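Enquirer: Let me give you the structure first, and then I'll get to my questions.
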């Protein structure tokens, strides 16, 4: 049991507290000079892997991120939380903006095979695109069982029991290892990295590779046509009678 190895995917996203601004040309959102941090659901995935290691159920945790050089900051955060080493799949800025779930899933699948891991943890979704697809696609490419929206994870020999949130309740499933698990909000509360661990993380190894080294083509067949802010919500108007209501609706062209 103690020989299990876990790969945890972490994504660098605009910090959840930042007000998003759309670029003037509507090609995307403004990222220059904007605070970034680890995707909150990825933090939960890292925390769960670390807890399993603390129980001596996992031997090694590898944190991986795809994107520009700044992604190494996100990997360092995972290392400070308790991951053992990192892998940075370097993708240039312009190409990184077009990375979709399928491209990342291909990278993760190759790394999972290369590193011979038993568990692949991801956040259930990222707060920037909210796709909720990468974990499922990775499991499909690997032909591994998957436990998505996990709210509880328990290792049982060569299986992992996952309690997952579904519409109207909870579902409990058992997956034969190796398996893919995506973390939901209620799985755990991630720890804050302590200063000593932050200092230790600076000495931990981060391997830098390119997608081509894995034989992965990052070309996307999906392109963003336009990104727009939601329309501003207009203030309501109080009316005294039904007749006034009908007149107002006619005035604004609703009837």
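Every residue, even glycine, has its Cβ placed from backbone N, Cα and C.
Relevant sequence annotations retrieved from Swiss-Prot are reproduced here:
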type	residues	note
MOD_RES	2	N-acetylalanine
BINDING	9, 39-42, 66, 123-134	AMP binding site
REGION	183-205	region 'Recognition loop'
MOD_RES	200	N6-acetyllysine
MOD_RES	200	N6-methyllysine
MOD_RES	200	N6,N6,N6-trimethyllysine
MOD_RES	203	N6,N6,N6-trimethyllysine
MOD_RES	210	N6-acetyllysine
MOD_RES	210	N6-succinyllysine
MOD_RES	223	phosphoserine
MOD_RES	226	phosphoserine
MOD_RES	238	N6-acetyllysine
MOD_RES	248	N6-succinyllysine
MOD_RES	248	N6-acetyllysine
Enquirer: How would DSSP class residue 200 (N6-acetyllysine) in three states?
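Expert: The three-state answer is helix.
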Enquirer: Could you check which of the recorded positions (123, 129, 132, 200) sits closest to residue 226 (phosphoserine), going Cα to Cα?
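Expert: Going through 123, 129, 132, 200 one by one, the closest to residue 226 (phosphoserine) is 129.
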Enquirer: For residue 126 (AMP binding site), just give me the three-state DSSP call.
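Expert: SS state of residue 126 (AMP binding site) = coil.
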Enquirer: Could you please provide the mean pLDDT value for the region 'Recognition loop' (183-205)?
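Expert: Mean model confidence (pLDDT) across the region 'Recognition loop' (183-205) is 94.
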Enquirer: Using DSSP, break the region 'Recognition loop' (183-205) down into helix, strand and coil residues and give each count.
Expert: 10 helix, 1 strand, 12 coil
Enquirer: Could you find out if DSSP has residue 41 (AMP binding site) as helix, strand or coil?
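Expert: In the DSSP reduction, residue 41 (AMP binding site) maps to helix.
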Enquirer: Measure from the Cβ of residue 226 (phosphoserine) and count the other Cβ atoms within 10 Å, all protein chains considered.
Expert: 9
Enquirer: Give the distance between the Cα atoms of residue 203 (N6,N6,N6-trimethyllysine) and residue 132 (AMP binding site), rounded to the nearest whole Å.
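Expert: It is 33 Å, counting Cα to Cα.
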Enquirer: How many neighbouring Cβ atoms, not counting its own, are there within 10 Å of the Cβ of residue 129 (AMP binding site)?
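Expert: For residue 129 (AMP binding site), the 10 Å Cβ neighbour count is 15.
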Enquirer: If one looks at the chain holding residue 248 (N6-succinyllysine), which residues at least 6 apart in sequence have a CB under 8 angstroms from its CB?
Expert: 237, 239
Enquirer: I need the most crowded of these binding-site residues: 9, 41. Count other C-beta atoms within 10 angstroms of each C-beta and give me the top one.
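Expert: Of the binding-site residues 9, 41, the most buried by Cβ count within 10 Å is 9.
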Enquirer: Taking 10 A as the limit, how many CB atoms besides its own sit near the CB of residue 203 (N6,N6,N6-trimethyllysine)?
Expert: 7
